Ligand code: HEA
Ligand code: HEA
Ligand code: CUA
Ligand SMILES: [Cu+2]
């Protein structure tokens, strides 16, 4: 059966379109989507996957067909046709990427805006602040009703004016995360948040750059020494997810991970109350305890990994007295 | 490109043999062209450093940081005048050699060298009398690194001038036809000069 | 491979090439080119060995092979050496070897400078290796962000800075030479539009080098002051700003990725037409797109900083600027496909690698456009998705292209053909190993694997092991190439002047070319890509016949 070229092209085009549309939705590469922001990113990614699949099939297809159809026939030592260009074709393949790129830019812009990336309070860089990093104090200084400037992902336009319900101060240091709840003074080594409420992480770093990454929320922001950054989001699905340090911060960068526990609001209140109670009785977690726990964890690892005792000693010497460390530079 | 290849070949061949005559000696001198590019790259280093300085400054709440002593202005201004005028002095040297006047070249270049030396001494004096050190704060650090890096370039330029002076002692080394050395030294000196003007403006004046 | 070349008439005794020339300071661009090739390939093997140990470490979720203490050193050196000692100098190798030949010059514009530029590279490499030997390697990644780089080992970090300054200087000197040579040394009849496209791409590359490399030097000068003199330019505890370093670093290192790919774009544009026996499709579009990429490449650097201290409006600006680069790059990709389409493809090793380049680079380019999108990059920044992206463009792009170039110009450089069978084995192993090693990394990154970690979530073990197997196949794939190259160098069939029947000038002189390249000033008797003009004649003969004809009339 010999079909005219135009028909084969048409069929190929339809096939490519269908496969791309299907694959763009069904690649299954993304982890669970557990925040308000995650589906926005996933939809964007699916669109990009669709376009990428189509371009991939088109170009690889052309290459494979060339290899099969246009390979040198045995004994034929002549040249191919002396075609040097085709203005029409060239205009088409300049214009199509221009359009794709414009659509992707605008769509990405929309998504980013809807995530809160262009919130004025989160998209201006106030520069290095040279403030002391003292967990629970410096960042709690935010006046009620007034958001402090901090880089990162902020409030989406439709929620402007709403203050976050849950505020958490996040401190990154080699090699642990410390979460302080400024409203209650509770300190934790894991992040606990309720579903369906606006959460704001105020992120700082003590020593080197770290980065908060919660893959299931599709959110990431560097923790930069000397600068305040923030992430605002709304957890949607209860569960336990990893919180990973995503910026190289030293030998144990890979070990710098903890958990986000997304509770239902009731569970969250329970947890918070129990922490406050423990704190009042004097057996709540303190920063020193979290660090000690963390060192034990690292030390345990280091034993498993046959690492020199000096290395562990060096780790133990790290400045854990948070209050004194950075104040000297004021 | 459908025309017969042999035809084009013959045409190009014809032009080739024509131009042959105008081409004497080895290949022509491209060193000035290369020097321009080198200076462009150098300018990019300074631009990078200036940009860093301006960024530090624009994001800082107070600039220069609290506690930085006032910069003395008189000496650097005099220094600036000396360096800038030395460029004009040097230019006369090159004009001289273009007229085959080696003596003039020597004279003007020697004066330029002296002026450059004065500049360096002035800079050194400033370093010694400044009330701040390299590591005091962000401003003082950038101050020393920028002026120091520039000073290094002045020193190198001075070296070039001295080399030219030394070579000019040999009769016939530089003529109105062949004077790459003085020309290159002059270009370099102008470059160092321009960088200084920008540096002076952003460090001392604004 | 019948190769009928015009045998050189015996003329006054030519100076002879001596093997010792290759081991000392030479000013001959061809010797320097070969010196670059051999040096950088050596470091490729070393850096590849490091990559292999990285993959062996990551075969299990626990840090049990290199260990947490050594991993970052190996990682940093792998990245640094692959970039500054393999891809960048190999670009310079091709440029050195080919530019004067392609434009009919006797040598580069500044031969001594050229020699100096080369000899800056080995000391830098030795410095990096020494840091490993004395067990003080730099450990802050090839990006070397402060404050980490300031607090994790002064010796190694200083050695890293010094070696990068050496490479940078070498690069700048090379760039000056290439631009001058291309502008000033062409045979008289050759206009810019008669140049082979490789020269255009080197023009663009050199301009990028001249604009961006010095800024990196500036950043490193400041960084070394912080490191050893106690200043605090990038150190927040002294009032400095680490973000300024990131801007300066990426102002160089983003253009650097185009410094690494543009020369290869040029190689591909010169290889495809020869083996497809068709003119390059859209010469001017390809030439101008190189310049466009060089220009755009300078204004997109902050796309590496989307989750860093970058204000929202800047993120959006750099997103849009970055995506635009897909347009000129797309023009190239489509033009290459159109060049191949309808040709008469000689599917030899050079051609296979060249087509492999187009298809693999495409994958890396598509993921590049994805990560340019701010909201998506917020998820995948600093994950294995990025690792996948840049190995697709760097290995699937640059390395594939370099191999294509080696197979294509090897006969010119050593005067002997490489073995085709082993070349194909090399290609197939590389292609399979490469995709196995790097494709799964996309998924790993999306699923939650950050980069630069020595241990990872055990749920990701299977995919990681696939990557490791792929990397082992890749390591093995190097062997057929090495054996083939070594054997062919001494024992391969003699190539003759123009084994591929190509039209660019480098094929008009003997293989390997004589010391000053051409017997007499070469004649530009055809455009670089005028294939298929005289199809009715027996093509094998026509090129050399024409040449003979032209010469006879002189
Ligand atoms: C050879 C090297 C090379 C090349 C050529 C590229 C090409 C591109 N890169 Fe890549 N990149 C790297 C090497 C390279 N990159 C490296 C090493 C890193 C990591 C550094 C580190 O952190 O260690 C990196 C990281 C990196 C990032 C940062 C990611 C992060 O850290 O979060 C981004 C973000 O925008 C990016 C984007 C791009 C884009 C848009 C291109 C474009 O140029 C690609 C253009 C090509 C195409 C798009 C394909 C062909 C086009 C078509 C067929 C037309 C139609 C297509 C469309 C309309 C989509 N790259
Ligand atoms: C051109 C650049 C280039 C090339 C070709 C490669 C090639 C390879 N790379 Fe590399 N890679 C980078 C540039 C490159 N890489 C960069 C810039 C980084 C980022 C660094 C950073 O984060 O700072 C990186 C990071 C990087 C990582 C991420 C590590 C991490 O984030 O934790 C991984 C992990 O798998 C990896 C793997 C590999 C592998 C398996 C190869 C394979 O293709 C290698 C194939 C192996 C060989 C070709 C060698 C085989 C030879 C032998 C075994 C014999 C040896 C003999 C002698 C020495 C005599 N690379
Ligand atoms: Cu903290 Cu990585
Ligand atoms: Cu980039």
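Quick reminder: no glycine exception, Cβ is built from N, Cα and C everywhere.
A TrEMBL annotation is a machine prediction, not a hand-curated record.
Marked as domain 'Cytochrome oxidase subunit I profile' by TrEMBL: C:19-525.
Residues annotated as transmembrane segment in TrEMBL: C:36-56 (among others).
Look at TrEMBL and you will find C:76-99 (among others) tagged as transmembrane segment.
Residues 25-29, 32, 35-36, 39-40, 43, 46, 73, 77, 80-81, 84-85, 89, 92, 96, 155-156, 159-160, 162-164, 166-167, 169-171, 173-174, 176-177 of the same chain lie 6 or more positions beyond the ends of the transmembrane segment (C:111-134) yet place their CB under 8 Å from a CB of it. Residues annotated as transmembrane segment in TrEMBL: C:111-134 (among others).
Same-chain residues lying 6+ beyond the ends of the transmembrane segment (C:158-179) with a Cβ under 8 Å from its Cβ atoms: 76, 80, 84-85, 88-89, 92, 95-96, 99, 108-110, 113-114, 116-118, 120-121, 123-125, 127-128, 130-131, 136, 138, 144, 202-203, 205-207, 209-210, 213-214, 216-217, 220, 223-224, 227-228, 259. Per TrEMBL, transmembrane segment is recorded for C:158-179 (among others).
The transmembrane segment annotation in TrEMBL covers C:200-229 (among others). Long-range Cβ contacts of the transmembrane segment (C:200-229) within its own chain (Cβ-Cβ under 8 Å, at least 6 residues beyond either end) map to 91, 95, 99, 144, 146, 149-150, 154, 157-158, 161, 164-165, 168-169, 171-172, 174-176, 178-179, 182, 192, 235, 240, 245, 248-249, 251-253, 255-256, 258-259, 262-263, 265-266, 269, 286-287, 290-291, 293-294, 297-298.
Positions annotated as transmembrane segment by TrEMBL: C:249-268 (among others).
Marked as transmembrane segment by TrEMBL: C:280-301 (among others).
Remote same-chain residues near the transmembrane segment (C:313-338) are listed as 265, 268-269, 272, 280-282, 285-286, 288-290, 292-293, 296-297, 299-303, 306, 358, 361-362, 365, 368-369, 372-374 (criterion: CB distance under 8 Å, separation of at least six residues from the stretch ends). The transmembrane segment annotation in TrEMBL covers C:313-338 (among others).
Per TrEMBL, the feature transmembrane segment maps to C:350-372 (among others). Residues 261, 264, 267-268, 271-272, 275-276, 303, 319, 322-323, 326, 329, 333, 336-337, 340, 380-381, 385-386, 388-397, 400-401, 403-405, 407-408, 423-424, 427, 430-431, 434-435, 442 of the same chain, all 6+ positions outside the transmembrane segment (C:350-372), place their C-beta atoms under 8 angstroms from a C-beta of that stretch.
Under the heading transmembrane segment, TrEMBL lists C:384-410 (among others).
According to TrEMBL, the feature transmembrane segment maps to C:422-443 (among others).
Counting same-chain residues at least six beyond the ends of the transmembrane segment (C:463-483), those with a Cβ under 8 angstroms from any Cβ of the stretch are 45, 48-49, 51-52, 55-56, 58-59, 61, 403, 422-423, 425-426, 429-430, 432-438, 440-441, 443-444, 447, 449, 456. Look at TrEMBL and you will find C:463-483 (among others) tagged as transmembrane segment.
If one looks beyond the transmembrane segment (C:76-99) by at least 6 residues along the same chain, the residues whose Cβ comes under 8 Å of a Cβ in the stretch are 29-30, 32-34, 36-37, 39-41, 43-44, 46-47, 50-51, 54, 105, 108, 114, 117-118, 121, 124-125, 128, 131-132, 137-142, 144, 160, 163-164, 167, 170-171, 174, 178, 181-182, 198-199, 202, 205, 256, 259-260, 262-264, 267, 394, 398-399, 402, 405, 409, 413, 506. Within the same chain, the transmembrane segment (C:249-268) packs against the transmembrane segment (C:280-301): three or more Cβ pairs sit under 8 Å, each pair at least 6 residues apart.
Counting residues 6+ beyond its ends, the transmembrane segment (C:280-301) has Cβ neighbours under 8 Å at 193, 197, 200-201, 203-205, 207-208, 211-212, 247, 250-251, 253-255, 257-258, 262, 265-266, 269, 272-273, 318, 321-322, 324-325, 327-329, 331-332, 335-336, 338-339, 528-529 in the same chain. For the domain 'Cytochrome oxidase subunit I profile' (C:19-525), the model gives a mean pLDDT of 93.
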